[in-house]
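Student: Below is the structure I would like to discuss, written out as structure tokens.
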Amino acid sequence: MKTYYEKDANVELLQGKTVAVVGYGSQGHAQAQNLRDSGVEVVVGVRPGKSYEVAKADGFEVMSVSEAVRTAQVVQMLLPDEQQAHVYKAEVEENLREGQMLLFSHGFNIHFGQINPPSYVDVAMVAPKSPGHLVRRVFQEGNGVPALVAVHQDATGTALHVALAYAKGVGCTRAGVIETTFQEETETDLFGEQAVLCGGVTALVKAGFETLTEGGYRPEIAYFECLHELKLIVDLMYEGGLTTMRHSISDTAEFGDYVTGSRIVTDETKKEMKRVLTEIQQGEFAKKWILENQAGRPTYNAMKKAEQNHQLEKVGAELREMMSWIHAPKELVKK
């Protein structure tokens, strides 16, 4: 595994250049501010709206996406996956020029052919492995979060060096930047989201909750046992892996882990995981998601509404009112 650190990167490669950060959401605001604090000239490219006003209030020169691309030598695309291809075709593509670098923090649109940059620009990825607020906070504390780096197209012969300079400007080389490919990052990221982190976990939590309530147990108790306490376990795993988690729980819980876990996640579950991975690798999921967006998201919206009306959500909202240490978000906005 090739990993790059501070000594391997030179942020001075960005001196005299302008970086355009396209999008000012979770990653956009963090990367733009970290770069600025590292002495890099940054402009923000967004359309008029809330993000435009926030970026302006944060002291950035804010302009249209097309103007930002014309101004910059490095263009970082930090819009949501489903918006990138449209914005690229409408405002980025015709303004690219020889020797520029087009950067991404997720490989979806490049890997699945939704964006096809011209051969005369560098195409690379710097993907911090933390949400934007943590990228910013850890940087301000003098540290950094790990990241991935990949080069898809090296027109200038310096793509990796410039990408590492960008990673250093964001603070990621302080922790370590692991070399990967657009294919590996994209396929593993989608699989992790679908099979484990989002799809797998939410299905497991709901199934456990429903099993208890259907068995006659009160929904409030089922919520505590199947969702609320999940954070306690995940935090232990996050801090020290499975061994630390198992060391920290009771022996009864640990024994139950060993003898029961494989009855829940069975060989059939793993076979289904492999089918999910194959669908991702063959582009079936990407095609489904692209078509879903083109159709106005009918399936997405229907499933989202149904999930929000699940008994688990209603019970959870009531119980969280008892938890003074939980600060509910004022507004649920996708960044």
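Backbone N, Cα and C define each Cβ position, glycine as well.
Here's the feature list from Swiss-Prot:
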ACT_SITE  HIS106  active site
BINDING   TYR24, GLY25, SER26, GLN27, ARG47, SER51, ASP81, GLU82, GLN83, GLN84, GLY132  NADP(+) binding site
BINDING   ASP189, GLU225, GLU229  Mg(2+) 2 binding site
BINDING   ASP189, GLU193  Mg(2+) 1 binding site
BINDING   SER250  substrate binding site
DOMAIN    1-180  domain 'KARI N-terminal Rossmann'
DOMAIN    181-326  domain 'KARI C-terminal knotted'
Student: Across the domain 'KARI C-terminal knotted' (181-326), what does the mean pLDDT come to, as a whole number?
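Tutor: Mean pLDDT across the domain 'KARI C-terminal knotted' (181-326) comes out at 97.
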Student: What does DSSP assign GLU229 (Mg(2+) 2 binding site), in three states?
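Tutor: Note: GLU229 (Mg(2+) 2 binding site) is coil by DSSP, not helix or strand.
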Student: SER26, GLN83, SER250: which of these binding-site residues has the sparsest Cβ neighbourhood within 10 Å?
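Tutor: Across SER26, GLN83, SER250, these binding-site residues, the one with fewest Cβ atoms within 10 Å is SER250.
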Student: Residue counts in helix (H, G, I), strand (E, B) and coil for the domain 'KARI C-terminal knotted' (181-326), per DSSP?
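Tutor: DSSP composition of the domain 'KARI C-terminal knotted' (181-326): 122 helix, 0 strand, 24 coil.
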Student: In Å, rounded, how far does the Cα of ASP189 (Mg(2+) 2 binding site) sit from the Cα of ASP81 (NADP(+) binding site)?
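Tutor: So the alpha carbons of ASP189 (Mg(2+) 2 binding site) and ASP81 (NADP(+) binding site) sit roughly 13 Å from each other.
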Student: Under a three-state reading of DSSP, tell me whether GLN83 (NADP(+) binding site) is helix, strand or coil.
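Tutor: DSSP assigns GLN83 (NADP(+) binding site) to helix.
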Student: Taking the Cβ of each of the recorded positions and counting other Cβ atoms inside 10 Å, which one has the highest number: ARG47, HIS106?
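Tutor: Of the recorded positions ARG47, HIS106, the most buried by Cβ count within 10 Å is HIS106.
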Student: For each of ASP81, GLU225, count the other CB atoms within 10 A of its CB; which of these binding-site residues has the top count?
Tutor: ASP81
Student: Just give me the nearest neighbour of GLU225 (Mg(2+) 2 binding site) among the binding-site residues TYR24, SER26, GLU193, SER250, Cα to Cα.
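Tutor: Considering only the listed binding-site residues, the nearest one is SER250.
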Student: Cα of SER250 (substrate binding site) to Cα of TYR24 (NADP(+) binding site): how many Å, rounded?
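Tutor: Each residue's Cα considered, SER250 (substrate binding site) and TYR24 (NADP(+) binding site) end up 44 Å apart.
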Student: NADP(+) site residues TYR24, GLY25, SER26, GLN27, ARG47, SER51, ASP81, GLU82, GLN83, GLN84, GLY132: biggest Cα-Cα distance, Å?
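Tutor: Spelled out: the longest distance between any two Cα atoms in TYR24, GLY25, SER26, GLN27, ARG47, SER51, ASP81, GLU82, GLN83, GLN84, GLY132 is 20 Å.
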